[in-house]
Amino acid sequence: MECFEVTGGTALTGRVRVTGAKNSALKLMAAALLAAGRTTIDEVPDILDVAIMSEVLRRLGCDVTYERHAVGGGGRLVVDVPDRPGTETDYDLVRRMRASISVLGPLVARCGSARVALPGGDAIGSRGLDMHISGLERLGATIESEHGFLVATAPRLEGTSIWLDFPSVGATENLVMAAVLAEGTTVIDNAAREPEIVDLCAMLTAMGAQIDGAGTSTITVDGVPGLQPVTYTTVPDRIVAGTWAIGAVMTRGDVVIERAVADHLTVALAKLSDAGAQVEPLPDGLRVAMDGRPRGVDVVTLPYPGFPTDLQPMAVALAAVSTGTALITENVFEGRFMFVNELVRLGASVRTDGHHAVVRGRERLSSAPVLATDIRAGAGLVLAGLVSDGVTEVQDVHHVDRGYPDFVEQLRGLGARIERVQRPD
Ligand code: UD1
C-alpha cells in the first residue's frame, strides 16, 4: 500500500503550474472517436485515469501514445482512430474509471451501436445514468440493459429537444457528442455550463461540429455528416488550481498558481477573500496569500458557476482550522461527506446531518493515520495534514494519483514536507 507522510507546520509558498483538467481531457479523448485519423491533445495530465482512458481507446482499436512534458505534470497525447472502431467497453475498465462511459455518445453516433458496462456505485454517491439514457433515446437510440452492459443501437440519430432534470456534466457531454453527428438540430435545455463543457464544445467545433450556446443552459447542435481530427489544448484544471489556493490559505502561505484561470473559480476565490485571503488574478495565473488565521465561511456546492463539489472536502478542511463556525452544504453528491469521519480523526470538530456539515474551527489539528476515500477527499486530508501537529499518514493514496499529476512533487516544490512511502498491506 502506498501512503503519504505529511509533516505539518510549513506554509505553502512559491510557484506551481497547473496542466490540463482531468475532467476535460478524459472527454476530449472520447471525442477523438468521432473522427477517423490522428487527433492530438496537449496538456493532458499524467494521471492514472488518462492511462485507463487510453486503454479504453486501445481496446476500441485506436493507437494511443503519450509524451510527457519536462515540467508541469502534463503531456501530449496522440489518438489514431481507425475507420471502423470497436464498440465494446468492458466492466474491468468502467469499474476502474466511471468516465469510461463517455465513449457511449461518440460510439453510438459514429458506429450506430455501443456496448458499455454499467459503472455501479462509487464512494461519493449513487451517480445515476438516467439522463444519459433518456437523452440518447430521444435522439433515436434504443437502449437496453443486459448482463451488466448498456447496449445502445441507433442506425441513425435524429435531432430533437432534450430537457435535463439536473444540469449533469456527464449527460450533457454524452448528448452533445451524440448530437454532433445526428441529422438535424438538437437543443439541450438545462445543460451543464462547466468550463470543461465549453472546452469539449470548442474541440468539437474545431473538428467541424456546429454548436451554439456552450457555457449557457441551452446548447444547440446542428448535426453534420462527419468530423475531422484536430490538434487541441486542454483547459487548465480549476480543481487542482483551487486545491493549491485553499492550501495556501489554510497554511497561511503565499502561492502563485501559473495557468490558473480566475474566471473559472469565481465563487471559490470570493470565499477565500471572505476568509481574509489576498487573491490577485495575474496575466497567466493567480496569486493567493494569507496572513493570520482564516475566518470561517459558509459554502454551498452547486453546478457551475456555483462552488464546485470537487472542492468541498478542501472547504471543510479549511473551515476546520478557521475561526468561528461554518456551514458547508453539499447539493451534488449525496455520499460526499463520508470522508468527514477521517477528518474528525485529525481532531476536526465536524457534525454532519444529511447534506449539511457544521464545522467548528480549531487553531490546529492533530496528526493521525487517515484513509483517502476518493480523489478529492484524499487531497483535502493532505491539506489537513499540513496544518496538523506531527506526522499524518494518508493511506490509499492511489485515489489522489487519479486526479493530481505529480501531487507530492508539486507540494514539495511549494515547501510542504510530504513523502510517498510504501507500507505492507
Ligand atoms: C463530473 C465530474 C466530477 C464532478 C461532477 C460535478 C468527471 C469524470 N467527473 O461527474 O468530478 O464532481 O461532474 O461537477 O468529469 N445524475 C443523475 N442521473 C444522470 C446523471 C447524473 O442522477 O443521468 C446525478 C448524479 O448522481 C449526481 C449529479 O447528477 O448526483 C451530478 O452528476 P454529473 O454532473 O453527471 O457528474 P459527473 O459527470 O458524474
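Glycine too: its Cβ is placed from the backbone N, Cα and C atoms.
Now, the feature entries from TrEMBL:
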| type | residues | note |
| --- | --- | --- |
| ACT_SITE | D122 | active site, proton donor |
| BINDING | K22, N23 | phosphoenolpyruvate binding site |
| BINDING | R98, D310, V332 | UDP-N-acetyl-alpha-D-glucosamine binding site |
| DOMAIN | 6-411 | domain 'Enolpyruvate transferase' |
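Taking the features listed in TrEMBL, we show where each one sits on the structure.
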{"residue": "K22", "record": "phosphoenolpyruvate binding site", "DSSP (3 states)": "helix"}
{"residue": "R98", "record": "UDP-N-acetyl-alpha-D-glucosamine binding site", "DSSP (3 states)": "helix"}
{"residue": "D310", "record": "UDP-N-acetyl-alpha-D-glucosamine binding site", "DSSP (3 states)": "helix"}
{"residue": "V332", "record": "UDP-N-acetyl-alpha-D-glucosamine binding site", "DSSP (3 states)": "coil"}
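For the pair D310 (UDP-N-acetyl-alpha-D-glucosamine binding site) and K22 (phosphoenolpyruvate binding site), the C-alpha distance works out to 12 angstrom. The most densely surrounded of the binding-site residues K22, R98, judged by C-beta neighbours within 10 angstroms, is K22. For V332 (UDP-N-acetyl-alpha-D-glucosamine binding site), the same-chain residues that are 6 or more apart in sequence and have a Cβ closer than 8 Å to its Cβ are T301, L302, P303, T309. The C-beta environment of N23 (phosphoenolpyruvate binding site), restricted to residues of the same chain at least 6 apart in sequence and closer than 8 Å, consists of A99, V169, E194, E196, D237, I239.
Cα of R98 (UDP-N-acetyl-alpha-D-glucosamine binding site) to Cα of K22 (phosphoenolpyruvate binding site): a distance of 13 Å. In this structure, N23, D310, V332 are the binding-site residues from K22, N23, D310, V332 whose C-beta falls under 6 Å of some atom of ligand 1. Binding of UDP-N-acetyl-alpha-D-glucosamine is attributed in the record to R98, D310, V332, and the widest Cα separation among these residues amounts to 16 Å. Within 10 Å of the Cβ of D310 (UDP-N-acetyl-alpha-D-glucosamine binding site) there are 25 other Cβ atoms, across all protein chains.
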